[in-house]
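Novice: Got a structure for you, questions after.
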Amino acid sequence: MPANEVEYNNSSGEVIKDYIGEPAADGEHMLSSVVVMREGPVEDKTCWSRFRNSTKIVIIIVCLSLFNDSLLLTLVDPILPEMLYDLEHPQQSENDSNIPNDTLSVLQDRDVNKDINNQGRYGYLIAAKGIAQFVCNPFVGYIVTRFGYRKPMLFGSLVLLLSTLAFPYSKTYSMLIVTRVLQGISSSLTAVTALGLVAATFKDDYRRGNVIGYAFSGLSIGIIAGPVYGSLLFEFVNPAFPFILLSGIMSFAIFLQLLTMKRESSVKHLHGSLCTLLKDPYIIIVALNIFLLNLDVSIVLAFLPIRLLELIDASTWQLGIVVLPTSVGYLAAGLIFPRLVRWFPRWIQGLVGLFFSSLCLMALAYSITFTMMLVVTSFLGLAVGLISTSMQPIFALVVDKRHSDVYGNVYAISDMAVCLSMSLGPLVGGPLVYAYGFQSLVYGAAILDMVCTPVTIFLRDIPGKKKINNEKAPLLKDNDNSAGHPSA
């Protein structure tokens, strides 16, 4: 065994092989670990044991967790304008509730935008979730290191259930803010632990990729179903019913997690690599694309329903349907464009998607009917989906060429870019819409996309750094007697 490779047994009966590379600029050694053998006890073949250890149950739990999180997100956003209006005008809303199938007639002949978004309060309410999620992201890694994946995922699911049940009973603006913060905390825990559990359970790269695809399918279904599910049940059944029904699905997911809960050993992470990645200009370019596409999505989700209320006497179901084509187009792009990589390189896909999204935003500024908005948001969904499906693989490509063993950290940067954009969009957009109107806001986003589009050209040819040479003089050559991992 080479001197820069060390084998040892961990507490779970696994034989671990550590590869120690050259020291980085800060003097720390790069360390990666690979499980090369399992020497645990003979596996229990009972039905209960097979159920608890089934990888299919892991897939179901992960898909349900991501589905619940995305469904709550897209369920709440379209109906928040009416919820906020009801809080500001309780007597008016109570009188209007006696009018059948016309829950929004109270908003007729009003400056709806300024009434709902008074002093940017609606924008702050939307942004609270993204800010909480962004702030929690740096701490989730430590929590996972200390407690494993399953316990933080269970805690995140419980917080998500609490926020879901709190929404229909939040009677003040402060209560709504607290509920949105709880939703952000749960989303941070759920997203990181769900994907981490997949990576820890499925060691084979091909199988792992398939399961992550299943997980994101659950996420996409939640995004697509949420606006329709929430707005229809909110208007035609009961305002609290969509939240109560969703809490039942969440309770089932929590029950599965409790049934399959098992003890986990601590997860080891490569410290300092996140800062190293943030210094890479190619990582920054890809993260910028991810930020911009989600900024466009956050603006559409938050302010297009209000724009529709300004133009027509829209019903609650229309507020949900108007943003649905964005999610459908996003899902379609994910199914189509990855198959065209041989003829349509990823850097070109990202460039075209960013440019096309700016055109769609400009067209959205002039959309004055419900049908026009549906058409434009369909093309916008294709554009942002084109950016996402091209940029996420480029993240991994940059790591392969220029770094080593830091895939988790690079996708943590991706998630932080998403959270930042989803919070800044409503936070900055709220006061801008209040002061200058919806058209000025989407024009500003379109110009930002247009200006940043040429930067994507730098991803055409990503240079590699010098690979670690395992045949060089090993780092442990002069430290044979030093303390370290026990040799196998």
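Residue numbering: from 1, along the chain as shown.
Cβ atoms here come from the backbone N, Cα and C positions, even for glycine.
From TrEMBL, for reference:
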{"type": "TRANSMEM", "residues": "57-76", "note": "transmembrane segment"}
{"type": "DOMAIN", "residues": "58-464", "note": "domain 'Major facilitator superfamily (MFS) profile'"}
{"type": "TRANSMEM", "residues": "122-145", "note": "transmembrane segment"}
{"type": "TRANSMEM", "residues": "152-169", "note": "transmembrane segment"}
{"type": "TRANSMEM", "residues": "181-202", "note": "transmembrane segment"}
{"type": "TRANSMEM", "residues": "214-234", "note": "transmembrane segment"}
{"type": "TRANSMEM", "residues": "240-261", "note": "transmembrane segment"}
{"type": "TRANSMEM", "residues": "282-304", "note": "transmembrane segment"}
{"type": "TRANSMEM", "residues": "316-338", "note": "transmembrane segment"}
{"type": "TRANSMEM", "residues": "350-368", "note": "transmembrane segment"}
{"type": "TRANSMEM", "residues": "374-398", "note": "transmembrane segment"}
{"type": "TRANSMEM", "residues": "410-434", "note": "transmembrane segment"}
{"type": "TRANSMEM", "residues": "440-459", "note": "transmembrane segment"}
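I'd like these features described in context: how deep, what's nearby, how far apart.
Specialist: Beyond its flanks by at least six residues, the transmembrane segment (57-76) meets 51, 129, 153, 156-157, 160, 163-164, 167, 183, 186-187, 190-191, 194-195, 197-198, 201, 211, 214-227, 229-230, 242-243, 246, 249-250, 252-253, 256-257, 260, 301, 323, 327 of its own chain at Cβ-Cβ distances under 8 Å.
The list of residues near the transmembrane segment (122-145) in space but at least 6 beyond its ends in sequence, with Cβ under 8 angstroms from a Cβ of it, reads 73, 77, 80-81, 84, 116, 152, 173, 176-177, 180-185, 187-189, 192-193, 196, 266-269, 298, 302, 306, 412, 415-416, 419-431, 433-434.
The list of residues near the transmembrane segment (181-202) in space but at least 6 beyond its ends in sequence, with Cβ under 8 angstroms from a Cβ of it, reads 55, 58-59, 61-62, 65-66, 68-69, 72-73, 76, 128-134, 136-137, 140-141, 143-144, 149-150, 152-153, 155-157, 159-160, 162-163, 166, 208, 211-212, 215, 267, 408, 411-412, 415, 419.
Distant neighbours of the transmembrane segment (214-234): 59, 62-64, 66-79, 82, 194-195, 198, 241-242, 245, 316-321, 323-324, 327-328, 330-331, 334; these residues of the same chain sit at least 6 beyond its ends, with a Cβ under 8 Å from one of its Cβ atoms.
The list of residues near the transmembrane segment (282-304) in space but at least 6 beyond its ends in sequence, with Cβ under 8 angstroms from a Cβ of it, reads 74, 77-78, 122-123, 126, 130, 322-323, 326, 350, 353-354, 357, 361, 364, 373, 377, 380, 384, 387-388, 391-392, 394-395, 398, 402, 410, 413-414, 417-418, 420-426, 429-430, 433, 438, 441-442, 445, 448-449, 452, 455-456, 458-459, 462.
For the transmembrane segment (316-338), the residues of the chain that approach it from at least six positions outside its boundaries are 74, 77-79, 81-82, 103-104, 216, 220, 223-224, 226-232, 234-236, 297, 300-301, 304-305, 308-309, 344, 349, 370, 373-375, 377-386, 388-390, 393, judged by C-beta separation under 8 angstroms.
Outside the transmembrane segment (410-434) by six or more residues, the chain places 113-114, 117-131, 133-134, 137, 141, 188, 191-192, 195, 274, 277-278, 283, 286-288, 290-295, 297-299, 302-303, 306, 392, 395-396, 398-399, 403, 440-441, 444 with a CB less than 8 A from a CB of the stretch.
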Novice: Please figure out which one of 152-169, 350-368, 440-459 racks up the most CB pairs under 8 Å against the transmembrane segment (240-261).
Specialist: 152-169
